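What follows is a single structure, written as structure tokens, with notes after it.
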Amino acid sequence: MNPIMTSLILSSLALGTVITLTSYHWLLAWIGLELNTLAIIPIIAKQHHPRGTEATTKYFLTQAAASAMLLFSSTINAWSTGTWDITQLTSQPACIMLTMALSMKLGLAPLHFWLPEVLQGTSLKTALIITTWQKLAPMALLFLTQHALNPATLLTMGLLSTLIGGWGGLNQTQTRKIMAFSSIAHLGWMATILTISPTIMILNLVLYLLMTISTFTVLMFTTSKTIKDLTTTWTISPTLSSLTLILLMSLGGLPPLTGFMPKWLILQELTSHNLPSLATILAMSALLSLFFYLRLSYTTALTLPPTTTQNKLKWRFYPKQKTTMFSTTLVLSTLLLPTTPLFL
């Protein structure tokens, strides 16, 4: 793609999210979301391949439907209250419709079907943008309107998402689809805690972004699109394969790693709000996700590929990408647990 066009599209993508994050008027928030959607479409369709085209079409249709629903809900609210202020959301039908629209934008179950399919049709870099940057604007709107949203709806969708995110990832061999189901499960945890403690939701979102960025960077560094590709990680960098194992355990939420922090805080908060059964089901659903992370880490660090290479290591060319961001996010994704008291 032409460098000028690339910079224009990426700046539009950034601008769309920033407009939504800083808006107080529903129309302004909707404009930001639309700009965001329209900017990422050429990025997904960039690889001229039927899969890319299919992914673009699916993404466009779901996002357009969600945007239309969001505009409709804000219009209903403005009709009944006489204000377009985002924080003045009082109409019950508008609240339910807004929850559904933002859930569709994020990929929360049961409106999650587009996410694995779209990620599978894109490159790893684009998949990284969709699972991280594209979640910021809808999450900001959920955060702004959390006082008006129906807790029962969000708790149900959150629970469904964690279960589907766990079940869906069990049978996958494609790393992008596994990351999509991982994203659905993480968003489920965030949706569950949103109405109870919004600050923990923000903390969870930040840690999810860190862990997802570092995982995708590992996949890009080793150009691994399937689990089978991950088996040759040790030939590229033995250190990287060991670090990937620790990173995947952090994603699964095992102590004493960073990923344990949000799960611990969320379960504690749910229990203190007299929701022990919900906390138990959430903790059990985390085991499903942990299983496929264990499967990934087993193939990455604990096995040799089926056909062992004749030479000990691959040709070690200079890495295609800088390792600064990768090493920074990897350290933060694994070693932040001792800092938990600072966030309470």
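The backbone N, Cα and C atoms fix where each Cβ goes, and this holds for glycine too.
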Per TrEMBL, the range holding transmembrane segment, considering 132-151, 152-171: 152-171
Cβ contacts the transmembrane segment (202-222)/the transmembrane segment (324-343), at least three under 8 Å, sequence gap 6 or more: yes
